[in-house]
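Features of the protein shown, as given by Swiss-Prot:
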- 118-127: compositional bias 'Basic and acidic residues' (COMPBIAS)
- 246-262: compositional bias 'Basic and acidic residues' (COMPBIAS)
- 408-418: compositional bias 'Polar residues' (COMPBIAS)
- 426-439: compositional bias 'Polar residues' (COMPBIAS)
- 1-56: domain 'HTH myb-type 1' (DOMAIN)
- SER303: phosphoserine (MOD_RES)
- SER358: phosphoserine (MOD_RES)
- THR377: phosphothreonine (MOD_RES)
- THR385: phosphothreonine (MOD_RES)
- THR396: phosphothreonine (MOD_RES)
- THR411: phosphothreonine (MOD_RES)
- THR415: phosphothreonine (MOD_RES)
- SER417: phosphoserine (MOD_RES)
- THR424: phosphothreonine (MOD_RES)
- THR430: phosphothreonine (MOD_RES)
- THR438: phosphothreonine (MOD_RES)
- THR442: phosphothreonine (MOD_RES)
- 108-143: region 'Disordered' (REGION)
- 246-278: region 'Disordered' (REGION)
- 408-460: region 'Disordered' (REGION)
- 706-800: region 'Interaction with PLRG1' (REGION)
Amino acid sequence: MPRIMIKGGVWRNTEDEILKAAVMKYGKNQWSRIASLLHRKSAKQCKARWYEWLDPSIKKTEWSREEEEKLLHLAKLMPTQWRTIAPIIGRTAAQCLEHYEFLLDKTAQRDNEEETTDDPRKLKPGEIDPNPETKPARPDPIDMDEDELEMLSEARARLANTQGKKAKRKAREKQLEEARRLAALQKRRELRAAGIEIQKKRKKKRGVDYNAEIPFEKKPALGFYDTSEENYQALDADFRKLRQQDLDGELRSEKEGRDRKKDKQHLKRKKESDLPSAILQTSGVSEFTKKRSKLVLPAPQISDAELQEVVKVGQASEVARQTAEESGITNSASSTLLSEYNVTNNSIALRTPRTPASQDRILQEAQNLMALTNVDTPLKGGLNTPLHESDFSGVTPQRQVVQTPNTVLSTPFRTPSNGAEGLTPRSGTTPKPVTNATPGRTPLRDKLNINPEDGMADYSDPSYVKQMERESREHLRLGLLGLPAPKNDFEIVLPENAEKELEEREIDDTYIEDAADVDARKQAIRDAERVKEMKRMHKAVQKDLPRPSEVNETILRPLNVEPPLTDLQKSEELIKKEMITMLHYDLLHHPYEPSGNKKGKNVGFATNNSEHITYLEHSPYEKFSKEDLKKAQDALVQEMEVVKQGMSHGELSSEAYNQVWEECYSQVLYLPAQSRYTRANLASKKDRIESLEKRLEINRGHMTTEAKRAAKMEKKMKILLGGYQSRAMGLMKQLNDLWDQIEQAHLELRTFEELKKHEDSAIPRRLECLKEDVQRQQEREKELQQRYADLLMEKETLQAKF
C-alpha cells in the first residue's frame, strides 16, 4: 500500500525562503503555482503562512501595555470578532486570539495561585500545533532528506528562470513566421515587376482571411470626396532602435551588475554617514542586535522659565543679604527681612515622592472576561457576577496618565505646619511625632509669612479655631458698617463725550498689536489710496484701454491764420490742446504696456520721456478736484440732452450702433510692422495682408483661450452635474421600464378580458355537452349492470344443472 502524504506541519526555514521568493516572482494571487514549489504544503497553507507570518507589514514585537488594554477592551465590546479587532490594534487576527487566550490563562493561573514562569499556552510533549503558520520557522537540519533537497533544487531552478523556454520559443517562431511572410511578399513583388504574375494559392479557410480581405468592409458610394484631410506625412523610422539588443530587451546579467553597483554605492554612503551600523551589517551581526526602546517619561510639571524665575528670586535675596552683612548691619529688622533661605544640609538622602498607586487595568479586564465566561445560567437566580469597574465610553480604553508628583509647584517660601512629614515645623509650635515617614526635601522657609495658605493653620488647636471665627465675624461687621446709606432717588446723567468714547475706544499701552494685523491694516490703507488715485485718473487709464505711443501735435491749427478762427473753432482747439496735454501726461506717468508684450520690448517709451517733460513744462497739466469733475460731467450730460432734443435724436438701437461701429472700424487699419494704426485707404496691399494676418492670429488666440475656458467650464459642470445626469438617466430608464410594464399589464388585462368573455359564452355549451356525456354514461352503465346480472343468473343456472 503506498504511503499517503498529508500536507502541512511545522514550517522550516527553507520553505519560508522559497515561499518569499515565489511571492516576489508570482505575486499574491497565484497560490497554486507557489504551492507547486513546496511538496509538503498546500496553496491554502502557503497563503495563510504569508498573511500570518511572512508579510513584512506584520508586527512581531512584544505586546505593549496599551495594546493589551485595547485588546481586552475591544474583546469585551466585540466578542469573537477577531477580524474586526485586528486592524484596530495593528496585529493579525491569530495574534490577537493567541494573546487573548494567553492573558486569560495567565489570569486563571494567578487566581488559582499557581505562580509559574512558563507560558500557559506552551505545547506539551506529544501535542500537535493547530496553527503552525503563525509560529517561527524551524531551523534546517544539516543533513536534509532527498525529498527536501530535490524540492530545493527544483525551486531554485524554477525561480532562477526569469525568461522561460516557452516564451523564447514562441517569440522565435513568431519572428521566423514574420521573416518568411516578408520574404514571400518580396519575391512576389519582384516577379510582378518582371512581368510574371503568380496566382497565390489560397487555402480554404473557415472564416475571414485577414491577410487578403478587409473584415466588415463597407465600400463608399460612387462620387467625388474631399481628400485633403487624408494627406499625412509618414513618420521617419528610427532604425537605431531596431537593433537586436533593443528588441531582446535588457539582459539579466546587465541588470544584476547594475544592482550590485548600486548596492556598493549605497553601502559606501552608509559607511560615510553611519559607520557602526554599516560594520554590523557587513559582519552579519545586525540580525541579532536590538535597538533600545525609547525612554517614556511623564510630561514636565514646571517649565524652564519658572525655574529661572525661582533661581533669580533666590539670587536677589542672597545678594541683598550678603550686602547687608558686609556693610555691618546686624540689627533684628535686617536679619528678619533678609533671612537666609538656603537649603540646610540634611544627612538623610533626598527621595523623590512616589507616584500614586495605580490599578492593573489589564488584570481587572481579564478577570472580568473570565468571570463573564464562567457565569451560570440566569435561570438559577441569585446575585449578579461581581465585576470590577469597567469602561464602555469608547472603542479604545481611556488611558491613565501617570505623573510624578511635583514638589516645586507648591507655594514657594513657606513652611507647612499641619503634620507634613519630613518638613521643618513652623516656629512657635511643637511638631507632632511622625512614625514610618519617608523624609523628603527640606522646604523653603517663610519667616515673614508672605505666602499664607490654608495649610499653614493648625486646625487641631481649638483656641486657634475660635480666634479665626472671631476675626472673621469682626471683619464682616466692619465691612457692613462701612456700607453707604441706601438711596431711592436715582438720576442717570450721560457724559458729554459719551458717543466719542463709544466710538473711540481707549488703546491699552500694554497691548502689542500683532505684526500680521499691522501689515493687513497698512495694506488696506494702501489699497484704499490706490483705488482713490485710480478714480482720479483718466477713463482710458482706469479701464486699461490701448493708448497711442506717440502724440500727433499736427492736429492743432495755427492761431494766426486768415480768416481768423471762429469761437467754435477756438473752443475745438482748446479741447485738442487739453487732449494732447492729457496724452503727454499719461505717456509720462502711466505708459501703456500690452499684456502680451514681454519686458524689455517697449524701449521707445523711455526715449520719449524727455519730449513729454518738455511739453508739460510749457503746457502744465492741471489737476481738478472731484467736485469740479462732477460738475463738468453734469454739464456735458445736460448739453447732450439739449442737443438730442434740438436735433430730434432718438435712442440709438443696437443694430444701428453696430452698423456705424463696423463702418468706422473698417476705415482704420492696424500695421503690425510699424505698431500703429492708419487709414485703410492709405495702406498698401502688403500692409492689408499683414494686418489681416495679425487679426487672424489674434482671433485664433481668442478662440484658443475661449476653447480652453469652455473646456474647463465643461469639465467643472461635468463634475458638478455628472451625478445628477447619471441619476436622471437612471430615473428615465426606470420610468421607461415602468411604462413598458404598464403597457404589458394593459395588454394582458385586455387579453384576459377577451378570454373571460369567450369563456363565459363557451361554458354553457361545455356544460351541456358534459351533461349529455354523463347521462349517456349512466344509461350505458345501467345496461351493462343489467347484462352482468343476466349473465350472473345464467351462470348460476348452469352450475345448478351440472
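Cβ coordinates are placed from backbone N, Cα and C, and glycine is handled just like the others.
Geometry remark: SER303 (phosphoserine) versus THR385 (phosphothreonine), CA distance 48 Å. Counted within 10 Å of its Cβ, the other Cβ atoms near SER303 (phosphoserine) come to 9, all protein chains included. Sequence-distant neighbours of THR385 (phosphothreonine) (same chain, 6+ residues apart, CB-CB distance under 8 A): ALA371, LEU372, VAL375. Looking at the region 'Interaction with PLRG1' (706-800) alone, the prediction's average pLDDT is 93. Secondary structure of the compositional bias 'Basic and acidic residues' (246-262) per DSSP (helix as H, G, I; strand as E, B; remaining residues coil): 14 helix, 0 strand, 3 coil. Under DSSP, the residues of the domain 'HTH myb-type 1' (1-56) split into helix, strand and coil as follows: 31 helix, 1 strand, 24 coil.
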